[in-house]
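First the structure, then my questions, so here it is.
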Amino acid sequence: MDTAGIRLTPKEIVSKLNEYIVGQNDAKRKVAIALRNRYRRSLLDEESKQEISPKNILMIGPTGVGKTEIARRMAKVVGAPFIKVEATKFTELGYVGRDVESMVRDLVDVSVRLVKAQKKSLVQDEATAKANEKLVKLLVPSMKKKASQTNNPLESLFGGAIPNFGQNNEDEEEPPTEEIKTKRSEIKRQLEEGKLEKEKVRIKVEQDPGALGMLGTNQNQQMQEMMNQLMPKKKVEREVAVETARKILADSYADELIDQESANQEALELAEQMGIIFIDEIDKVATNNHNSGQDVSRQGVQRDILPILEGSVIQTKYGTVNTEHMLFIGAGAFHVSKPSDLIPELQGRFPIRVELDSLSVEDFVRILTEPKLSLIKQYEALLQTEEVTVNFTDEAITRLAEIAYQVNQDTDNIGARRLHTILEKMLEDLSFEAPSMPNAVVDITPQYVDDKLKSISTNKDLSAFIL
């Protein structure tokens with residue numbers, strides 16, 4: 001697995017995070033150092049490696065200030081498997097719900113997909129060539145071979161012919177005639193020139209087995225995996241366009257070309273050494289003394305999470321995985337509870353703590369304009385597909401930021417997420433009418449913003465409905 005990103009210096013990591021996330025420099029520095037320490041550890045001898053564990057991080061800050069985005073972007077920068085889980089989804093072992101080990105199994109699933117996607121990319125040309133060969137045969141088929149008659153020893157018992165399931169001539173063809181060879185040569189040329197992309201072709205694809213709905217979540221998943229391994233793969237015939245068929249066939253051939261067992265082992269190692277698990281809403285399982293009944297359950301979840309953070313061997317469908325060197329990032333607003341309300345053992349497993357700042361009007365302005373694909377650029381690009389040009393003035397952007405900030409102050413503070421719904425509300429009419437406005441140019445001014453959002457910015461009851 002290519003993990004060249006792990007060799008980035010902390011400054012380079014922060015620089016890459018700055019392309020997508022505004023502010024929160026302290027949090028960016030801490031995650032950058034954590035990533036660099038992983039690279040430093042990889043350079044040590046085996047004995048030293050085993051002694052050094054990642055320093056888990058606890059992010060403290062209100063919703064919508066960038067906690068999840070920092071962790072997700074960090075994982076993308078280094079090509080590490082990453083999952084986000086919510087602590088409130090877990091229950092104590094023995095109760096209905098997800099057990100804490102499921103987050104490790106989910107991480108391994110992500111790791112397997114990452115490794116296999118990279119390995120498939122290395123054989124993509126060969127797989128596509130095989131897919132094109134198959135498409136030529138499907139578009140110009142030969143005569144099918146007749147099913148061979150084989151003696152079945154059970155025939156005499158049942159008084160008739162018994163189909164021999166060991167012989168499968170379904171896909172066997174007679175040798176192509178000269179006429180078919182000529183036609184295939186012409187079809188191959190047209191395929192290479194892209195002239196047949198929209199033509200329909202019938203292919204056989206593996207059918208997804210139905211889910212078992214009568215069991216609990218984890219039981220369901222484990223039983224489903226067991227049944228999938230025992231049951232033969234069922235194929236169904238579908239009629240699709242050539243371009244779609246090529247993707248399906250190439251993906252199937254790529255699966256055959258890579259060493260599945262080697263990929264699984266590489267994925268397990270990647271999850272162990274580079275995996276990042278983001279545990280959101282960890283403050284919701286912190287205990288206080290106001291409700292002893294709930295506190296018992298919350299403490300149970302914390303104590304179940306603790307062994308995973310300390311290092312446990314978890315069984316997955318790909319093999320065992322050790323969590324000792326995975327990086328865990330806990331996050332929560334901690335409005336009601338405090339980090340000290342977590343059980344002491346769990347507090348000790350998050351030695352690095354960082355408080356994220358609430359967002360100001362200036363931060364909102366930067367969020368709207370600075371990131372690589374900022375919200376303003378996204379909406380401009382979307383409307384440009386309808387040949388509608390939208391120009392936001394600087395004053396209009398500032399006015400949008402002021403309204404978003406004010407609504408956050410007057411109602412629930414949901415941080416930068418407020419900008420999404422404010423923008424969506426403001427551009428609702430334009431988005432609806434855009435298909436009938438070709439070549440239109442629309443200037444978004446402070447007056448335009450006020451006209452569209454006046455009722456929201458002045459009516460607290462109404463602004464409560466703008467999430």
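Glycine is no exception: its Cβ is also placed from the backbone N, Cα and C atoms.
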Pick the one from Asp125, Asp280, Asp283, Asp304 that Swiss-Prot also lists for the ATP site with Val22, Gly64, Val65, Gly66, Lys67, Thr68, Glu69, Glu345, Arg417.
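So, going by the record in Swiss-Prot, that would be Asp280.
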Among Glu69, Glu345, all listed as binding-site residues, which has the most CB atoms within 10 Å of its CB?
Glu69
Tell me the Cβ contacts of Val22 (ATP binding site) under 8 Å, same chain only and six or more apart in sequence, or just say none.
Gly66, Asp363, Arg366, Ile367, Glu370, Pro371
Counting only residues 6+ apart in the same chain, whose Cβ is under 8 Å from the Cβ of Val65 (ATP binding site)?
Gln24, Leu356, Asp357, Ser358, Leu359, Gly415, Ala416
Going by DSSP assignments with H, G and I as helix and E and B as strand, what are the residue counts for the compositional bias 'Basic and acidic residues' (178-192)?
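Going by DSSP assignments, the compositional bias 'Basic and acidic residues' (178-192) contains 15 helix, 0 strand, 0 coil.
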Assuming the binding residues for ATP are exactly those in the record, Val22, Gly64, Val65, Gly66, Lys67, Thr68, Glu69, Asp280, Glu345, Arg417, what is the maximum CA-CA distance in angstrom, rounded?
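Overall maximum Cα spacing for these binding residues reaches 34 Å.
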How many other Cβ atoms sit within 10 Å of the Cβ of Lys67 (ATP binding site)?
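Other Cβ atoms within 10 Å of Lys67 (ATP binding site): 26.
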